[in-house]
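Working notes, structure below.
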Amino acid sequence: MDLEAAHGAAAAPGKRRRRARESWGASLLLAYQSLGVVYGDVATSPLYVYKSAFAGDDIQHSAGNEEIYGVLSFVFWTLTLISLVKYVLIVLRADDGGEGGTFALYSLICRHVRAGLLPGGAGDELAVGGRRDARAMSRLRAMLERYRVLQRLLLLFALLGTCMVIGDGVLTPAVSVYSAVSGLELSMEHEHHKYVQLPVTCAILIGLFALQHYGTHRVGFIFAPIVCVWLLCISAIGVYNIVHWNHHVYRALSPYYMYQFLKKTQTGGWMSLGGILLCVTGSEAMYADLGHFSQSSIKIAFMSVVYPALVLAYMGQAAYISQHHSFENAYHIGFYVSVPEKLRWPVLVIAILAAVVGSQAVITGTFSIIKQCSSLSCFPGVKIVHTSSTVHGQIYIPEINWILMILCLAVTLGFRNTKHLANAQGLAVITVMLVTTCLMSLVIVLCWNKSIFLALGFLIFFGTIEVLYFSASLVKFHEGAWVPITLSFIFMIVMCVWHYGTIKKYEFDFQNKVSVNWLLNLGPSLGIVRVRGIGLIHTELVSGIPAIFSHFVTNLPAFHQVLVFLCVKSVPVPHVQPEERFLVGRIGPKEYRLYRVIVRYGYRDVQKDDIEFEKDLVSSIAEFIRSGDSHHNGVLEDTDKSCEKLSSISNGIPLWMEDGEVDASASPHKETDTQIISPNRKKARFVLPKNAQVDSEVRRELQELMDAREAGMSFILGHSYMKAKSGSSFIKRIVINFFYEFLRRNSRGPSYAATIPHASTLEVGMVYQV
């Protein structure tokens, strides 16, 4: 035994080392893959940063090189402080169940503080450990929980950041592709170039958006190599320019040159900051795409590959420009002029490919954030297509895709130059960063339980830097910065109107729900004819009987033998574990055959198709019946208060299919003697554990459930028409009767309802006076 123990002790370090090597190997693989998904945008920023900073008459390149050295110093420290320190070292730690982004920060705060305005929220907040500086935190928490106006401001702030991300999804493809194609300017005659650049840019953009429905997984394997080649290319050119033109350019990394730059250029230098801040565009993607990778992989990729390559690229451009002062045209202050002439065509091709990769990442991120907003009732329902069977985050939204394409082409054709496009993108980028800084300061106090002074230090330090850039971008309102403001205003109106209407609809349902006593007093037959089958009544309520049901049975007194009130909720967490997805309860005595099922999805979860959903639903109800709910699971104990107990069903009773496959791991199970055959379905049986003690009453209820499933399942969907009640204000009538109704008529229904067979669906119309 001693020898075995000694051998085990000696082997343990070897196992730990092997696991560590495997972990590092997985992180390195993810880091490599993240180059193509996360860093395409920030990697292409050298194409237009210097060109945007020197655009117009804000600053001029002089023989003393104060301007170019000052711009390089600002670029270096902005990239270091914002991208490296703020995002990589701090913000990446604030993940919401592994997910990132502006809305993830908002949902994280709402779960720790009861500050959510979303109907049918997630319930109690998560337990938080530690109470450091509890007095200051409790005061801040109490204010957010007590004052409804602060909750609304918090939601509006999160929506502002979301709208600017959508605006960035419009502007980034235009800026990146247009800047990449601008390399043709130095490779062909000017007379030919002016007829080529715009059509080529538009053709690439149309092709980019037209191919979205194929999904990034089909060409994703080449994304990382393209970005790797691009980063290697710009860093090698940077090293060449530093060695060949000005190897003392590293001195410009000193903050002293920022002071000299502002001292000499004054107002012009401050206004040029709007172009300099584009060096950090794409930094938000590191946080937004956190769900697809890990913190360690994103940190490894940025700190070891992306950051050094970008610094070398910016230093190389500055080294070349510092030795060339006789530029005839402004476009010479840019990327391609610093590329050796023999390499311009290959670099041009790589740049265009890298710009497409960067644009793809932003477009996919826009799809993801709109899906999050739609899941949390902050955006009208849209069609969501999952383009990958393995990576759930890869989605495609047709309506949003074509809207983005039209807007992207509109700004490209409207501005026709990098200056105005860059001004527009700069304001969108810095606004999102400001929102992230403010929300992050709340996370530090409320979620991490750190000192409020630490949060204030974070807010003041990074907020001051970003406010400086924000002010420089805002003064360019008439030179392109009005575009993201206009786009965000339009999307903000859409989101606020939809959210307001959704809340009013939920409040109407809640206030007009029917008492459970009314239903129980009808008797086991509910006072109506009970026909074979399962009836699913969709409701937003987690308790009580929806008014739509009483409206239905009053006009058509017949219903199914098994009645299920189905509530599908999106909760403010990224993912809900399968064993926690279904909550099942019983309404009234067993002979009524009334059940309530609440199905919970996270804002990043993928909802199943109708066959899988129906199968899981019936299996969960069957497991609820088998588990002996009459004692403690889901019995309606206090009908006056409509207090129902719901049970979380971890694993439903699996179904044995006709071809011999079992839907769950059920090898040690035996089947009941219940068997059904349906012309439209495979025959199925419940599979019970071998040691299960099933009495005759439970077996009879399971038999009835399977008979009802054999007869068919019908979905009753409420089709509500919102009308502002008499006496409402003029603004409310406009918002509800026109704006909200317009959005409702042109939006998709619930995502699970889209997969329900039309022959099994019945819509019941009802007017809501709100």
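Just so you know, glycine gets a Cβ as well, placed from its N, Cα and C.
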From Swiss-Prot's topology annotation, check whether Gly291 and Lys263 share a side of the membrane.
no
Find the average pLDDT over the topological domain 'Cytoplasmic' (289-299) in the predicted model and report it.
79
Which range wins on Cβ pairs under 8 Å with the transmembrane segment (426-446): 71-91, 153-173, 268-288, 300-320?
153-173
What residues in the same chain, six or more past the boundaries of the transmembrane segment (24-44), come closer than 8 Å to it by Cβ-Cβ distance?
83, 172, 176, 179-180, 216, 220, 222-228, 230-231, 234, 280-283, 285-286, 289, 292-294, 296-298, 300-302, 304-306, 309-310, 351, 354-355, 357-362, 364
The topological domain 'Cytoplasmic' (447-451) - residue tally per DSSP class, helix then strand then coil:
0 helix, 0 strand, 5 coil
Which range out of 153-173, 300-320, 347-367 gives the transmembrane segment (219-239) the most CB pairs under 8 Å?
300-320
Cβ under 8 Å to the transmembrane segment (480-500), counting only same-chain residues 6 or more beyond its ends: which ones?
117, 155-156, 159-160, 162-164, 166-168, 170-171, 274, 373, 377-380, 407, 411, 415, 419-428, 431, 473-474, 735, 739-740, 743
In the topological domain 'Extracellular' (473-479), how many residues does DSSP assign to helix, to strand and to coil?
5 helix, 0 strand, 2 coil
Residue numbers, six or more beyond the limits of the transmembrane segment (300-320), whose CB comes under 8 Å of its CB atoms:
27-28, 31-32, 34-35, 38-39, 42-43, 45-46, 49-50, 68-69, 71-72, 75-76, 79, 83-84, 88, 228, 231-232, 234-235, 237-242, 245-247, 249-250, 252-253, 279, 286, 335, 337-338
Mind tallying the topological domain 'Extracellular' (45-70) by DSSP state, helix then strand then coil?
13 helix, 0 strand, 13 coil
